Amino acid sequence: MIVFPAIDLKAGQVVRLAEGDMDRATVYGDNPAHQASLFAQAGSQYLHVVDLDGSFAGRAENREAVEGILKSFPGHVQLGGGIRTREAVSGWFDLGVSRVVMGTAALKDPQFVKDMAKEFPGGIVVAVDARDGMVATEGWADVSDVSVVDLARRFEDAGVASLLFTDIGRDGLLKGVNLDATVELARRVDIPVIASGGVKGIDDIRMLKIHEGDGIEGVITGRALYDGRLDLKAAIEMAEA
């Protein structure tokens with residue numbers, strides 16, 4: 001199982017939001033590249049980066065910060081946030097991003113996401129962001145009438161690398177991962193699932209690890225790391241055991 005430390009970018013700074021609310025951002029630093037190198041020093045080979053401004057704008061808004069991260073982090077970088085055109089997808093791969101995360105595009109234009117998954121094998125992750133079991137888009141501002149499982153199943157034969165499942169109601173609040181919903185999704189869909197939202201400590205890693213065989217590929221953690229509630233090295237060791 002993979003542990004993805006998260007770097008969320010807002011106006012070039014490292015931040016964490018509460019429930020995806022841009023007005024409830026906590027700033028953790030103004031040097032994303034340095035933060036990425038700290039995660040690498042702790043043993044991380046994977047990183048999850050989100051261009052928050054890009055999520056709302058529908059285009060790259062923190063390109064310079066992302067490029068700095070790519071230069072300072074020797075491992076695999078998974079990037080999301082406003083990536084909705086072929087030019088954007090291919091451009092990020094050219095710069096060294098390992099996987100691109102697509103959320104709003106998956107709901108609004110599923111064929112486009114399938115085309116990208118075909119063109120860039122193993123490179124496309126579909127973000128399934130949920131509020132009370134229903135899919136949310138546009139930086140989580142809009143809630144659709146599509147269920148998480150229904151959206152996920154649309155991509156079962158598309159060749160996407162993973163599903164990134166986020167429970168918005170827990171994100172950035174340290175409430176603990178929504179284990180039941182995450183495991184249920186992993187069991188019902190034939191695509192590996194990455195858990196996100198609410199990680200508060202090592203117990204979340206332990207519980208997800210138990211269900212690795214159900215299709216849990218990894219877990220994303222942000223605030224728990226920044227607040228010192230979760231030791232990254234210990235989390236990686238447990239996940240890889």
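Going from the start of the chain as shown, residues are counted 1 onward.
From the backbone N, Cα and C atoms, a Cβ is placed for every residue, glycine too.
If you check Swiss-Prot, you get these features:
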ACT_SITE  Asp8  active site, proton acceptor
ACT_SITE  Asp129  active site, proton donor
Asp8 (active site, proton acceptor) to Asp129 (active site, proton donor), Cα to Cα, whole Å, comes out at 16
Row Asp8 (active site, proton acceptor), column other C-beta within 10 angstroms, all chains, value 25
